[in-house]
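The next block holds one structure in the form of structure tokens; read it before the comments.
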């Protein structure tokens, strides 16, 4: 069926394109900084947690591929990627695949992080024995392959899911065309959510004293930093993904059943992409190997800047202490 690739919505596409452009720039900067520092910190690759968090960052960067095409389309008021209807259909399908594929890669990776965190604290001997960096890498590869295969079904007619341009929204989405596919996708999300909730609750039941004792046995990692900020990183990430992903996950899963306003869907899209900005910010704050590099860079910038009101005191640590004279 030939589709209309011209925007027919009742909101300002230029304004939405401007907001998405800002989100794309911030996402590239935030995720790029974390990825570069992670690659630079070679010792951190000996930890399974680094593999999982890097998978999240890569999924964020893949997801940003959705934005340039969508921004150009919204600004132009029509899908302009491709000269013929066949080419437009192909690029639109790929764009719809990217957003759904990346979202579920992130969701599954969060489940792996939750399991890894649970084993690290509750069963440290099992974590040390089974959750090696190689095992973590294999699990991450499986997650990416399974999602790629499953969501490729959107390119097959009659699968219950199609990638298409929605003219009232000006974007390409994955649209469930059958209640069975909608229920399948929603069930996947619920299973992953249950894994996160159960493992997180079990982990939370253990006291901070227990965490400190086990960290001395297992050693230093992103889950056992000097400040023991374990609950901070995972709790903050769950809060961010929960708030930002919930509306989009619900609406996209039941788009064939319900008919929400276009403004609500666009708001969910903007909120959805906000997560890929905030998540690397949380990582850069709580992960010691990332935070230490950023703090050092900031301290060096302050040291290099001449200021008579600054007195820089050097110590033996990796960072510098900066004090302000009265």
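Just so it is clear, glycine is given a Cβ too, placed from its N, Cα and C backbone atoms.
Automatic prediction, not curation, is the source of TrEMBL annotations.
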Annotated stretch (transmembrane segment, per TrEMBL) among the listed ranges 186-206, 207-227: 186-206
Maximum Cβ pairs under 8 Å to the transmembrane segment (264-282) - stretch from the list 15-40, 96-115, 186-206: 15-40
Contact between the transmembrane segment (52-76) and the transmembrane segment (135-156) (at least 3 Cβ pairs under 8 Å, separation 6+): yes
